[in-house]
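Some notes on the structure that comes next.
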Amino acid sequence: MKAPSWRRAVLKVGSALIAPDETGVSTKYLLPIARFINECRERGQEVVLVSSGSVAAGRKHFNFEHKKVPVAVRKAMSAVGQNEMMGYWSRFFDSPCAQLLMTHSDLRDRARYVSIKNTLNRLLEHDILPVVNENDALATDEMKVGDNDNLSAMIATLVDADALFICSDIDGLYDSDPNLNPDAKKIPVVEQIDESIYSLAGGSVSSVGTGGMRTKVEAAEKATSHGIDTYIVNGRKGETFESLLQGDIPGTLFRRQSDPISNKKHWLRHTLVAQGEILVDEGAEKALIENGASLLSSGIVDVQGDFDRGDAVLVRSANDTDAIAKGICQYSAHELMHIKGQQTEDIAEKFGYSPITEVIHRDDLMILEDS
């Protein structure tokens, strides 16, 4: 079985390949990856590199023997390690490399999201290799994506990539844990990601990075829902990249969905973090799901959480615990508590101001039912 062709790809390199023994950057696994990227670019294909490993690369400069390191020291490790890591990547390519460090808050803000997209597109147009990483030196917990598997999926969506390659020290997805079962079989192709696939993912098998197989499956779900074929491959094996260049599938391919969601809907669903919930009645639920309507104040039963205008919220039926939609709210939680259940035309008369007609406009709403 041959791999689907692609024009633009995101390639994520895990910490276990950057600094396998945590004594600084090693070229052992990076050179074959760099050769693969060079070959792809010579063929006219575009690549965005998402490179983990700044903390692992910088660890050698600090006197910490154990894995548990204070947060402030990890940030310092990241600061020095990122510089070393970029130095290596820059030496591997004839054309320039560009460093982009970002946090989840950069991706959650729509204006910054679009700005990052434009910057990446301009870099690719000028044959410059973008090297992306999370800004571990500055990010706080609430600002972090948390792992570069999911970050790579967000970047792949942002640049409208055709393929996402997640390179780690894992051969792919298996039908059971290969560390426990010597007869475990690798799954070459996954057509649909569901709970059965997540049940196979288990936990992390890398001693260096923050992501395991589950985060890779999460990333694959994000990417495939936007029409991006996603591969999990072993970057420690040089033959992996020879196989990819020949159009073969050396790891596990998660096939793109045939009906991908739009870039904005994907951003709503997978990037924005919900700050509260809006409970709606049966009439509003039906209007949202069956008619693709906007959410109006008259259908709101209750409001939970403390959110501001422009925040993302979940919408769920007052009779169920499962969320039915996610969207950007045009009112704060405090404002909604005063207008919930009110007809739009009654709000102006009662409160003395002309209201925004839609609490959540349908263009800012993503239905989650059956997701």
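Positions of Cβ are set from backbone N, Cα and C atoms, glycine also.
Just so you know, the Cβ of Lys12 (ATP binding site) picks up 30 other Cβ atoms within 10 Å once every protein chain is counted. Look at Swiss-Prot and you will find Lys12, Ser168, Asp169, Thr210, Gly211, Gly212, Met213, Arg214, Thr215, Lys216 tagged as ATP binding site, backed by sequence analysis.
All protein chains shown were included, and the count of other CB atoms within 10 Å of the CB of Asp136 (substrate binding site) stands at 22. The annotation substrate binding site is assigned in Swiss-Prot to Ser52, Asp136, Asn148.
The feature domain 'PUA' is assigned by Swiss-Prot to 275-354.
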Within 10 Å of Ser52 (substrate binding site) (Cα-Cα), which of the binding-site residues Asp169, Met213, Thr215? none
Find the longest CA to CA distance in the recorded substrate-binding set Ser52, Asp136, Asn148; express it in Å as a whole number. 11
So which of the binding-site residues is most packed in, judged by how many other Cβ atoms lie within 10 Å of its Cβ, out of Ser52, Asn148? Ser52
The rounded CA-CA distance in Å from Thr215 (ATP binding site) to Asp136 (substrate binding site) is 18
Cα of Asn148 (substrate binding site) to Cα of Asp169 (ATP binding site): how many Å, rounded? 14
Structural state of Thr215 (ATP binding site), classified by DSSP into three states: helix
Should Ser52 (substrate binding site) be counted as helix, strand, or coil on the basis of DSSP? coil
